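First the structure, in the form of C-alpha cells, and then the observations on it.
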C-alpha cells in the first residue's frame with residue numbers, strides 16, 4: 001500500500017513516529033484541567049497502561065515473531081530495530097489510553113479511538129507490523145482499560161484509594177497555588 005498510495009506516506013510516517021506524543025500531551029492536559037473526574041480518568045488510564053504493557057511484554061516472550069521487514073520484502077518507511085513484532089506496543093498504548101478516555105468522556109474518547117486506529121494501521125502501512133500484531137495490541141489495550149476501570153469502580157476499596165490520593169494531591173496543589181499567588185502579590 002505504501003507504494004500504491006505513496007501520497008499518504010508522510011502522513012503514515014507521522015502517525016507511526018510522532019502521533020503517540022498527542023496521547024502523552026492529552027493525558028497531561030486532562031490532568032491539569034483540575035477537574036476531579038479527569039484526574040480519575042488519568043490515573044485509571046495510566047494504571048491500565050501498566051497492565052496492558054505488562055501483558056504485551058509477557059506475550060512477546062512466549063510468542064516471539066520477527067517483524068515483517070526481517071523475512072519479507074516490504075517498503076519499510078520508518079527505521080525500526082528487528083525485535084519482536086507481536087503484539088504491537090504502539091497499538092496497546094494508543095488503545096489503552098483512547099479506551100480509558102472513552103470510558104470517562106464518550107465524545108472525546110471517540111476522537112482518541114479514531115486516532116488509535118490510525119496509528120495502529122500506520123504500523124502495518126510502514127512495514128513494521130503484521131495486521132494480527134496491531135489487532136492483538138488493540139485488543140489488549142481495550143481489555144486492560146475495561147478491566148482496570150471496572151475494578152476501580154466496582155471495588156470500593158480501590159475507588160476510595162483513588163479518590164483519597166487525588167484529594168490529597170488536590171489539597172497540596174491548592175496550597176501551592178495559594179503560596180504562589182501570595183508571593184506574586186508581594187512582588188507587585
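Every residue, even glycine, has its Cβ placed from backbone N, Cα and C.
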Looking at 77-95, 134-152, which one is transmembrane segment according to TrEMBL?
134-152
Per TrEMBL, the transmembrane segment among 110-128, 167-185 spans residues 110-128
What does the DSSP secondary structure composition of the domain 'Phosphatidic acid phosphatase type 2/haloperoxidase' (42-149) look like, as residue counts for helix, strand and coil?
80 helix, 0 strand, 28 coil
Tertiary contacts of the transmembrane segment (19-35), as residues 6+ beyond its ends and Cβ separation under 8 Å
41-42, 45-46, 90, 93-94, 97-98, 101, 112, 115, 118-119, 122, 170, 173
Non-local residues, at least 6 beyond the ends, that sit with Cβ under 8 Å of the transmembrane segment (42-64):
27, 30-31, 84, 86-87, 89, 92-93, 96-97, 99-101, 103-104, 136-137, 140-141, 144-145, 147-149, 152, 162, 165-166
